[in-house]
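A.B. asks: From Swiss-Prot, for reference:
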- H363: active site, proton acceptor (ACT_SITE)
- 9-12, K23, Q73, 78-79, G140, E155, N170, N228, R333, K351, Y366, N377: UDP-N-acetyl-alpha-D-glucosamine binding site (BINDING)
- D103, N228: Mg(2+) binding site (BINDING)
- A380, N386, Y387, S405, A423, R440: acetyl-CoA binding site (BINDING)
- 1-230: region 'Pyrophosphorylase' (REGION)
- 231-251: region 'Linker' (REGION)
- 252-458: region 'N-acetyltransferase' (REGION)
Amino acid sequence: MHKRTAVVLAAGKGTRMKSRQPKVLHEVAGQPMICHVLDALTDCGVAQPIVVIGHGGEAVRQRLGDRACYAWQQEQLGTGHAVMMARPEVPEEVETVMVLCGDTPLLTGATLSALWETHEQSGAMGTVLTAVIDDPKGYGRILRDDAGHVTAIVEEKDADEKQKTIREINAGTYCFDRAALFAALDAITPANAQGEYYLTDVLAIFRQRGGLVVAHTLQDEREILGINSRVQLAEAEAVLQDRLRRKWMDAGVTLIDPPSVFFHTKAVVGADTIIYPQTIIEGETVIGEGCRIGPATRICDSRIGENVVIQNSVVLDSRIGDDCAVGPFAYLRPGTCLAEAVKVGDFVEIKKSVIGKGSKVPHLSYVGDATVGEDVNIGAGTITCNYDGKHKHVTAIEDGAFIGSNTNLVAPVTVGAHALIGAGSTITKDVPAGALAVERSRMKIKENFLGRKHKGSQ
């Protein structure tokens, strides 16, 4: 195999995005579009491509970190100029250089691998990724000779009327022989309507020098979609979501209403899980087998066990064990950990707490900064009062305890194993194991009170 590297062009301003954020950092399927490009390159064995940065370059470098090395293009003078800026970063031992854009998140690793194979097997100086589309307006057109070899690429603004009728277009991704590429870059000039150094001009130079230029034609034209506007961003999102939905359905996941379910590209879902409408799976979430998720549920950066039911709920950065039931209308905040067979019911909020095996928080409760043992029942309306206005404090509820409805547990406080808290209590002291704790005023009944009140008002 030839020694390879890739140059990713990511220096543009993205003016039509109307955003302060660099264009390539806008997200598709939950991650910046340039990360999709780097993922595809990783699939091809390129672990650290060269990313050419300019507008918002520091933000791009901060986001990508050591996934890439970087070259600066301080002035945006065209694609050819961008590759010139990357030249010092290309190792001497590299034989083949791929050049592609950072705003093409739909390109797959399989397509890039096929492009590389076509290039290296042909012995060409340059290979162009192309597509045949119905409406080629705005794209550079591919010019071929009688043998079918590429002779040149003419940009839309420089094309004559005959050339504009050509439907085969440049997808903006190339493979080059390293030595031929940099020799040709030394010869290009900005003699065009844009006054820029076009990378595509090197292809004509290859031909003039007796080199071969070939094309690799895409079967799925959607892969070439570049993103220059919010509309195109939404179009790319739709294409990638369709891919992800098909991927998981092919893996044994049932989607009741596929168009209404959204996946992060890094999410993982087990077989025989059913996902109901209006559900969003974000971040590096892992969902086990045999679960029922949704409807109207959002799960982000969480690990869900097997045979879990989550209905109409929000789960953020949490861990849920096997056979749990969550919702409807529950809110699991970061740091929540549910052991096996836990029930969290309607209108329950849990934050930074561990709930033990078989325990239940059925409804209308807040549990924060707490450790709850096994087989605990927390009655409706229970609140762990964890905040004193300055610090957070921990509530500990040990195995088998029963917390009556409408209880306030004022932390720091411990409820011992198998203790019983009477309904309506406010607990401010530790409760020993096996004890009964009741803290409430004695009930008073005033008979005929309503009648006296009415009589006195006459």
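Just so you know, glycine gets a Cβ as well, placed from its N, Cα and C.
As the structure is a computational prediction, the values presented were derived from the model and not from experiment.
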A.B. asks: So what pLDDT does the region 'Pyrophosphorylase' (1-230) average out to?
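C.D. replies: Across the region 'Pyrophosphorylase' (1-230), the average pLDDT comes out at 94.
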A.B. asks: Judged by the number of other CB atoms within 10 angstroms, which among K23, R333, H363, R440 is the least packed of the recorded positions?
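C.D. replies: So among K23, R333, H363, R440, the recorded positions given, the one with the fewest Cβ atoms within 10 Å is R440.
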A.B. asks: Radius 10 Å, atoms counted are CB only; among the binding-site residues A11, A380, which position scores highest?
C.D. replies: A11
A.B. asks: Restricting to the record's acetyl-CoA-binding residues (A380, N386, Y387, S405, A423, R440), give me the longest CA-CA distance in Å as a whole number.
C.D. replies: 22
A.B. asks: Got a sec? Which of these binding-site residues, Y366, Y387, has the most Cβ atoms within 10 Å?
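C.D. replies: That would be Y366, with the highest Cβ count within 10 Å.
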A.B. asks: According to DSSP, collapsed to three classes, what secondary structure does Y366 (UDP-N-acetyl-alpha-D-glucosamine binding site) have?
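C.D. replies: It is in a strand.
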A.B. asks: Within a 10 Å radius around the Cβ, which one of these binding-site residues has the most neighbouring Cβ atoms: G78, G140?
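C.D. replies: For the binding-site residues G78, G140, the Cβ with the most other Cβ atoms within 10 Å is G140.
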A.B. asks: Give me the Cα-Cα distance between A380 (acetyl-CoA binding site) and N228 (Mg(2+) binding site), rounded to a whole Å.
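C.D. replies: Given the Cα positions, A380 (acetyl-CoA binding site) is 52 Å from N228 (Mg(2+) binding site).
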A.B. asks: Write down the Cα-Cα distance for K23 (UDP-N-acetyl-alpha-D-glucosamine binding site) and N228 (Mg(2+) binding site), rounded and given in Å.
C.D. replies: 8
A.B. asks: If we count other C-beta atoms within 10 Å, could you say which of the binding-site residues N170, N228, N386 has the fewest?
C.D. replies: N228
A.B. asks: For the residue listed as 'active site, proton acceptor' and L9 (UDP-N-acetyl-alpha-D-glucosamine binding site), what Cα-Cα distance in Å is obtained after rounding to a whole number?
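C.D. replies: If we compare the Cα positions of the residue listed as 'active site, proton acceptor' and L9 (UDP-N-acetyl-alpha-D-glucosamine binding site), the gap is 53 Å.
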A.B. asks: So of all those binding-site residues, G78, D103, G140, which one's Cα sits nearest to N386 (acetyl-CoA binding site)?
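C.D. replies: Nearest listed residue in space: D103.
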A.B. asks: Sorry to bug you, but what's the C-alpha spacing from D103 (Mg(2+) binding site) to N170 (UDP-N-acetyl-alpha-D-glucosamine binding site), rounded to the closest Å?
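C.D. replies: Each residue's Cα considered, N170 (UDP-N-acetyl-alpha-D-glucosamine binding site) and D103 (Mg(2+) binding site) end up 15 Å apart.
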